[in-house]
Amino acid sequence: MAEIVFDDSTRSWLIRTAATSYALRLTDDDAPSHVYWGPALTADQLADVLNRTEERWDSFNDPNEGLDELAADGGTRYWTPALQVRFADGTRALEWRYLGHDIDGMSLRVHFRDRHYPLRITLGYHVPAGTDVIERWTELAHDGTDGPIEIIRADSATWVAPIRPDYRISHVTGGWAAESQLLREPVPHGETTFGSRRGITSHHANPWVMLDDGEATERHGEVYSAALAWSGSWRITTTRSSTGRLTVTGGFGQDGVVPRLAPGDTLTTPVFAGLYTDGGFGAASRAWHAYTLDHVLPHPGELRPVLYNSWEATGFDVTEAGQRALAEMAAALGVELFVMDDGWFGARSGDHAGLGDWQVNRDKFPGGLEPLVREVHRLGMKFGLWVEPEMVNPDSDLYRAHPDWVLHHPHRTRSELRRQLVLNFARPDVAEWAFGTLDSLVGEHGIDFLKWDMNRPFSEAGWPGAVDPDTLWVEHTRSVYAIMDRLRARHPGLRIEACSGGGGRIDLGVLARTDQVWTSDNTDALDRLVIQHGYGQVYPARAMSAWVTDDPNFVTRRSTPLRFRFHVAMAGVLGIGGDIVKWPEEDLVHAREQIALYKDIRPIVQHGRLHRLVPPATDGLSALQYVAADGGRAVVFVFRQAAHFHTRERPLRLDGLDPAARYRDEDTGKVWHGASLLAHGLFPGLPDGDFASAVIRLTKV
Ligand code: DGJ
């Protein structure tokens, strides 16, 4: 039974989740210290662990080394600091004094203050119902009257892994059009930091890690993972010592950016959630997906519609006639949401101008947006619009009127990337302008969906005249969140897609206020298999936007069959992004069939459980499977990335089925025993050649 209990005699807290336990205690000098994280233990059983928390000690180490619950800088603590402050008189160390705690159902807040200085610190814990996810965060409050306290580092949590003979880390790396490349590598000794200094989550790393002892597989083994719900700059540091200790500390911020807490101010960090699972990486991913669906996404029960997006078809060359033609064709194919991308506003005929001027371009749309929106609705589709609210082109009316609204330092270049600058959303006037602009756009034009893009990172992130410019790094992101929240409250039917030049802003923070994310600007189906594999380690298919685009691919120039492109995109939220008015009739016929097939399997893909059967990098063939939440249906996707002389068709072992049940292949009518599909497998019957693929639907009979 999930519960949180405090034991006064040992000054320890035990957090029991659905299937795991977590414990912390106070040391003799009142510092919060880690005790245990892993398989479920009762309070009685935990007593054995509590008695054994003594670490090796010598005069060169802190007695509690590597066990701090939030490793604070100060005293003899030499571990990677998770909390580092400088008080108004220059003192740079923290001494904990315990004040008390609150337990409210599955939430725990443990309160401390510094022994001398006016800083209150609360460590927060919350276990969402039915999960093993422990959400953790830190609250800081300046409750004095002296000068400000510098916050050098304020992590949300330090996660202490149990001692194991070895450690391996899984994480993703990448770049634009190459996001979410999964790596599994030994954890280096010393400190290793993953992060972003770009003001966005980034394409280059994503704020989650998984740790195992090096032996876990897709289906077996213990995995400790942690994911940060934050869309600005962030850092996660693993620290591994020769004594075998491993910790992961993480939160928002970056080195050298030191916001200050003025008297009366509070700072609450984002959630850095931790999860212990047994059952390999597959079980870890399914647990993160379930958590995201049940506790993060705003409308998880919905089925995401099949979308059309105009970007790859038209680029900036948007016209009303062109959009109408695309919309008509999209509707005929079975598309449910039509999204007009970049190019519809201001002087936007290329990337050099117009950002910031969110009025419809009357040369392109003489009657305004209404006629197109009306037509799209008449065709039975929802209407979506691309915006990039945080950006401005220097060549825009907005910038000419408000050159001071962008991030900038005096006497410094305003570096342009994609010929644009970043608006400072930490400024209340800028945030109000952005909200007002988007609110009117959505309200006046009956817009159902916004694709919220963000196409460059921060630079020269100054705020001349502000009392504390360094706060902008956090406040910009908070302001983006607040505007999204306000828009959703004012327009309950509005749905939002998060995008940052593809997948530069994918994280649990943005997923809490959006409905889907644009996974990558790379729509090459072969590359997408790898990107989707990395994305799905933590984030669910229900939010993974995937388009079928033209051949050869816009980014890679690779040619793949339309069927393969469809099947890859159908493993997420299907969209079409090609120039469909130019598609030959046979492709349109095929597209109609595939979209109809997707609508049939969509509840399984979007709301089911993912089982990765063979990862994309394996010997030319990969496969994945979704099982419906009630277990009644399953869908298997099989992809042959490349045909090899030596690769004969082999049985593919399925997963997540009921061994005692039988399953009927919905297309061939053949009936199989669940036990044989699990133990022996299914011959997928792929056609010959490269880029062959199959979608196999199974129903429990
Ligand atoms: C980057 C996005 O990822 C693309 O899909 C497209 O919306 C362009 N921006 C438009 O400028």
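We number each residue from 1, going along the chain as drawn.
Heads up, the Cβ atoms here are built off N, Cα and C, so glycines get one too.
A TrEMBL annotation is a machine prediction, not a hand-curated record.
Now, the feature entries from TrEMBL:
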type	residues	note
ACT_SITE	Asp453	active site, nucleophile
ACT_SITE	Asp521	active site, proton donor
BINDING	Trp176, Asp341, Asp342, Arg418, Lys451, Trp452, Asp453, Met454, Asn455, Cys499, Asp521	substrate binding site
DOMAIN	31-254	domain 'Glycosyl hydrolase family 36 N-terminal'
DOMAIN	622-698	domain 'Glycosyl hydrolase family 36 C-terminal'
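Listed recorded positions: Trp176, Asp453, Asp521. Those with a CB atom under 6 Å from ligand 1: Asp453, Asp521. The two recorded residues, Lys451 (substrate binding site) and Asp521 (active site, proton donor), show a Cα separation of 13 Å. Note on proximity: among Trp176, Asp342, Asp521, the recorded positions of the record, the Cα nearest Asp453 (active site, nucleophile) is that of Asp342. For Trp176 (substrate binding site), the same-chain residues that are 6 or more apart in sequence and have a Cβ closer than 8 Å to its Cβ are His203, Gly501, Gly502, Gly504, Asp521. Within the same chain, residues at least 6 positions away in sequence whose Cβ sits under 8 Å from that of Asp342 (substrate binding site) are Trp311, Gly315, Phe316, Val318, Arg348, Trp386, Glu388, Asp453.
Around Asn455 (substrate binding site), the same-chain residues six or more apart in sequence whose CB sits under 8 Å from its CB are Glu388, Met391, Leu417, Arg418, Gln420, Ser500, Gly501, listed in sequence order.
With every protein chain in view, the residue among the active-site residues Asp453, Asp521 whose Cβ has the most Cβ partners within 10 Å turns out to be Asp453. Counting every protein chain shown, 24 other Cβ atoms lie within 10 Å of the Cβ of Lys451 (substrate binding site). For the recorded site, Lys451 (substrate binding site), the DSSP three-state label reads strand.
Looking just at the domain 'Glycosyl hydrolase family 36 N-terminal' (31-254), the mean pLDDT is 95. Site extent for substrate: among the recorded binding residues Trp176, Asp341, Asp342, Arg418, Lys451, Trp452, Asp453, Met454, Asn455, Cys499, Asp521, the largest C-alpha separation is 19 Å.
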